[in-house]
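A.B. asks: Feature list, courtesy of Swiss-Prot:
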type	residues	note
MOD_RES	Ser604	phosphoserine
REPEAT	265-302	repeat 'HEAT 1'
REPEAT	303-340	repeat 'HEAT 2'
REPEAT	374-412	repeat 'HEAT 3'
REPEAT	414-450	repeat 'HEAT 4'
REPEAT	525-563	repeat 'HEAT 5'
Amino acid sequence: MSYSKKDDDGDESIFANVNQVTVTQDARAFNSSSISPRKSRRLLSKIAYLIYTGEHFQEKQATELFFGITKLFQHKDPSLRQFVYIIIKELSVVAEDVIMITSSIMKDTATGRETIYRPNAIRSLIRVIDANTVPAIERILTTGIVDPISAVASAALVSAYHLYPVAKDIVSRWNNEVQDAVTSHNVGRKVASSPFFTSTLGYTPNASGISQYHALGLLYRIRRHDSIAMNKLLQLLVSNLGTVSNSHAFVMLIRYISSLMDQNTQFRDQMVPFLHGWLKSKGDMVNLEVARNMVRLKNISDDDLQPVVSVLKIFLSSHRSATRFSAIRTLNELAMTRPHLVHSCNLNIESLITDVNRSIATYAITTLLKTGNDESVDRLMKQIVTFMSDISDNFKIIVVDAIRSLCLKFPRKQDSMLTFLSNILCDEGGYEFKRAAVDAISDMIKYIPESKERALAELCEFIEDCEYPKIAVRILSILGEEGPKASEPTRFIRYIYNRIMLENAIVRSAAVSALTKFGLNAEDKFVQRSVKVILTRCLEDADDEVRDRAAFSVKALEDRDAFLPVVKSDKIPSLPALERSLVIYISERKFGQGFDIKSVPVLSQEEIDAENLRIKKATTEVEFTEVTPAEDQNALASSNIETEFLNALESVSEFNEYGPVLKSSPSPIELTEQETEFVVKVVKHVFKDHLVVQFQLHNTLSEVILENAVVVSTPSTDDLVEECVVPAAIVSGEPVSIFVSFKFNDSVPYPLTTLTNTLQFTTKEIDIHTGEPEEEGYEDEYKIDDLDVSAGDFISPAYESNFDGLFDSLEHEASEVYVLSLLDSFRSTCSRVAELLQMQPLEGTENPTDKPVHVMKLSGKLVNGEKVLALVKMAHSKDGEGITIKVIARGESDSSVELVVGGIA
């Protein structure tokens, strides 16, 4: 064939004029007595083109096509048969009565059929059956799962995976066959001889063993809710490493091991040596996967991570870009939580700043920013400027996020960082990039008071030429909040006024709201009058939203004393609690009485700022970080914990008279191991005069139920007096709550004690034939771990912008010295003390330097609203064992400071 330019001009795509009408008409050829495989494949490719480009076939039309295509089963051409199965799978979603071709497909699943037919037939078979007909194909799939031919075994395993949601019990019965597919050296290791390979493909493919990967995925799905069975499987595979030969399966095995290591401390200790061994073998893909998963383990020691850092350091000099990228990205992730471990790699990382791959260079810079110190910041900032124009917006956002974190870590370097952020606002970039820069400047304004004046001025300059209305609205909101607090608030009014004159209605509305805050918060009468004049002019605006806001604002300025408490309220309802209360109010449908907003817990601005600061310091590049299924489930479960426990608490009428919940535990505390028959978690709820301990009990035994389950909780001191116990009537498979309420001793406002806990219940066995519990049961008890009531239960983190000034102004002071013998570094001491006291570290003091003495600043608010601050001075003990700390607390009362200094013991 000639491939001249003339031929190219006359060549037209077969998809040029394809539509549903012509395809449906042409499909009548499938009913003819003589079928041309070539023409049929051409027509099937047109149908596939329509489906994959989003064309939707009507049910009747799809059914006609579906049964027309089934006529092609009479032709034995392997390529045509493969295409038939592809289209059958796609049309089976829309067409009617697809189950009628089950027998035709099942013929191709027989072991004696052409090898090319069987995998495709198995995949198509599960698309045309329903849950009721799964038993009819059970033998086909179980035979396929243990088939020695790789394509057949993979097809059967993937099909079983898709069947699991609709036939969970049946697929679970195939547990032994699936485990054989993982551990056997015969299953899925061959490629059958077929004329199709030599005549059509021209070669015979190799057996990749990919069926082992599919089998491991299916086995995990079957066993994932049985941690004991999963533990045994993983230990079996680890002890016989030769069993897992496929690299993809090995990577999946590592991920499953990591997810279980986070849940089981004993299992983690057993697996760490194996992971260290795999760091030096099995190929780069496995090495990097081990490193990434070890970095993400929550409770792993620094010593266990040292081999990981050493291996990643070697990979940084690899000649393969993908390997260097994976290594630097993993180190970047480690630097977010343990920057001190990455210091040894800094020289290697600096060499990557000039890497031709700008993605690698970006991660190198951001990693160095996270591990840098005061001396290296300025040098790194100069290097960043040189390549910012060469990278995409996505990576620019990563750099900006790293700069933002660095601002919070080294507030003294705010001048150079603010200059950098201001310059990139003037550069070309998309909305997300500019928004990230504005958010970074906003954080500097909020958490670094020294930068406020200049940062606000930079935002005012940017807003003059801002092309994104959403960003303009964001900046106006910042100006409205922070501008009135500046030393010269009037300098910002001109920029806001320009927005009213020049921008669209959305921005004008935001400008009106910002001006209103200036008028309400300004003490200068001239400023109030000027703002009122501008707002009065807005009453004639063409947009009704602007007019409405202006009318409200003018009224607020005229009656300033009445509106000021509303506008300047520093108490904000807890949004999760507000949402939960509104849902309950709507579901009860008692609209005769109004919604009681006073029942919703409120948060102060300091508490909100402290939580926001904690989140920002813990932020990772979510867009570029993959999350394993186990991590994703854990995150989802964690987000629902507060609602789950508080809903159960609100359902108990005995606690209604206690008043609002002042504080709850930030996360459930486990009082038993995850693998025990009775799993108990606990959350502490603090009220004004009461402590309610909520025990969540999960009975994992399917053959017994528990009745009248209670927890006998005994305080170690007289500071708590038990008031009532709310038992769980029946405990079967679902978690239930047991409550124990204590009243505070009048003489001790903040009781610190230890609760000794014993679970008591009546056990009744389940009749295996009827599924009903036996009438007779027996009394039993189960010992669970003790629970400490500590200082952190009465303190919430609270952000304070002027720590030194407030510390000097507070009158009540107490101090105490402790030796923490189990800790060996300032970093671990900072983390432990902040966790015990539940106070907010300030000014980056939670990141110690290499100096021999370190001071950490902490801020918090007690449940009664009192502010309390603490200085924690620390030094290495003279004998070299542990860290010596001195806690100096200042607060609004003696009881508050005594609580803080006594909270470390």
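FYI, residue positions are counted from 1 along the chain as it appears here.
Note that Cβ sites are derived from N, Cα and C of the backbone, with glycine treated the same way.
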A.B. asks: With DSSP, how much of the repeat 'HEAT 3' (374-412) is helix, how much strand and how much coil, in residues?
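C.D. replies: With helix first, then strand, then coil, the repeat 'HEAT 3' (374-412) has 36 helix, 0 strand, 3 coil.
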A.B. asks: What are the DSSP helix/strand/coil residue counts across the repeat 'HEAT 4' (414-450)?
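C.D. replies: In the repeat 'HEAT 4' (414-450), the DSSP-based counts are 32 helix, 0 strand, 5 coil.
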A.B. asks: Please average pLDDT over the repeat 'HEAT 1' (265-302) for the predicted structure.
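C.D. replies: Per the prediction, mean pLDDT sits at 87 for the repeat 'HEAT 1' (265-302).
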A.B. asks: Quickly jot the same-chain residues contacting the repeat 'HEAT 2' (303-340) by Cβ under 8 Å, restricted to those at least six beyond its ends, or write none.
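C.D. replies: Apart from its flanks, the repeat 'HEAT 2' (303-340) reaches 272, 276, 279-280, 284, 287-288, 290-292, 294-296, 348-349, 351-352, 355, 357, 359-360, 363-364, 366-367, 370-371, 618, 620-621, 624-625, 827, 847.
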A.B. asks: Which numbers of helix, strand and coil residues does DSSP report for the repeat 'HEAT 2' (303-340)?
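C.D. replies: Within the repeat 'HEAT 2' (303-340) the tally stands at 32 helix, 0 strand, 6 coil.
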